[in-house]
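The next block holds one structure in the form of structure tokens; read it before the comments.
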Amino acid sequence: SQQQFNVTSYDAMAMIIITLQALAGMWINIFIISVLCIAWVKKKRFNSNEKILLSLGCYRFGYLCIIWLHAFLSVVYTACFSVQPIPQLSAALQSFFNNSNLWVSASLCVFYCIKIANFRNTFFNYLKVRIDRIVPWLLMGSVLLSLATCILVYITNELHWNNYNTTTLGNFWKLSVSLDEHLLATFFITGFGYATAFTAVISSALLLLFSLWRHKRNMQTNSVKNLSMDAHIKAMKSILSFFFLYSINFTCLVLTLIYTSRKKNPVLFLVLVIQYAFPVVHSLILIFSNPNLEKTLLRTLSCVKCRVCRR
């Protein structure tokens, strides 16, 4: 029928778009992981910033693999989503990697804020001194929180599997569940993680902005304070870009809930595409905000360009 043709067309279009996004994101995050690991081997040490970036790159790569696999199976082998526990595992794994991305990137913002901002508060100074020791605990806490959310999502979907609409379960851009209490519970769990990470990003941005304003007001013309000003501005650019992306991501989560309840699937498809673009764009920002990654990327692109020109 015409309706079935339209659904198939939407699924194929979703598959193409998500494949392009996933491949680009995988390449970008493999690049980040490779550069950081090579630097680790050469220097024989790993600073806190690199630990966070490496963790983020690994989680992003895993997340992009999961969403691409889900998209591929949704279009090519829809029947597999009618077999338990594949739908539950898919939702749980996406939840784990997505929440890990959010928590670790929020930890990166907190790290920038504590490392660069200057306040006379005793507790803040304590954190500044101990931040390198705190980072592993932040990363471990991010994993544990993401794992807890993953388990809750799996249990919720397992308990209410009978309420799933299996006829639409295979469509990649449709949420194939009836809107009852368990779906709202799932959104609440996910939304709580998003909101908490979003709050951490906002707080870091505001604190760093206030520190920058104070530093600029009290700045004198010596090189040390000029370097501090440059560090403030560079960190502010990164955190503000994170804040902008987080705002879009959080808005997409809210729109997903709204348009799922109204079954506006074309709008939901667009929202999900924007949501899945988040890790790709954010990873690019991380590269261009890190001198070592940016320099390596530009050198790599130059080598590739030279080889192409020679051919």
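Just so it is clear, glycine is given a Cβ too, placed from its N, Cα and C backbone atoms.
Annotation comment: TrEMBL describes 12-41 (among others) as transmembrane segment. Proximity of distant same-chain residues to the transmembrane segment (12-41), defined by a Cβ-Cβ separation under 8 Å and at least 6 residues beyond the stretch ends, is recorded for 50, 53-54, 56-58, 60-61, 64-65, 67-68, 71-72, 74-75, 172-173, 269, 272-273, 276-277, 279-280, 283-284, 286-287, 292-293, 296-297, 300.
Annotation comment: TrEMBL describes 61-84 (among others) as transmembrane segment.
The transmembrane segment annotation in TrEMBL covers 96-114 (among others). Panel annotation: around the transmembrane segment (96-114), residues 48-49, 52-53, 55-56, 59-60, 62-63, 66, 124, 127-128, 131, 135, 138-139, 141-143, 145-147, 149-150, 190, 193-194, 196-198, 200-201, 203-205, 207-208, 235, 238-239, 242, 246, 249, 279, 282 of the same chain, lying at least six beyond its termini, place a Cβ under 8 Å from a Cβ of the stretch.
According to TrEMBL, the feature transmembrane segment maps to 134-155 (among others).
TrEMBL lists 183-210 (among others) with the feature transmembrane segment.
Here TrEMBL flags 239-261 (among others) as transmembrane segment.
Residues or ranges marked as transmembrane segment by TrEMBL: 267-289 (among others). Listed by sequence, the residues of this chain that lie at least six past the ends of the transmembrane segment (267-289) yet keep a Cβ under 8 A from its Cβ atoms are 10, 14, 17-18, 21-22, 24-25, 28-29, 31-32, 53, 56-57, 60, 63-64, 67, 101, 105, 173-175, 234, 237-238, 241-242, 245, 248-249, 252-253, 255-256, 259-260, 297.
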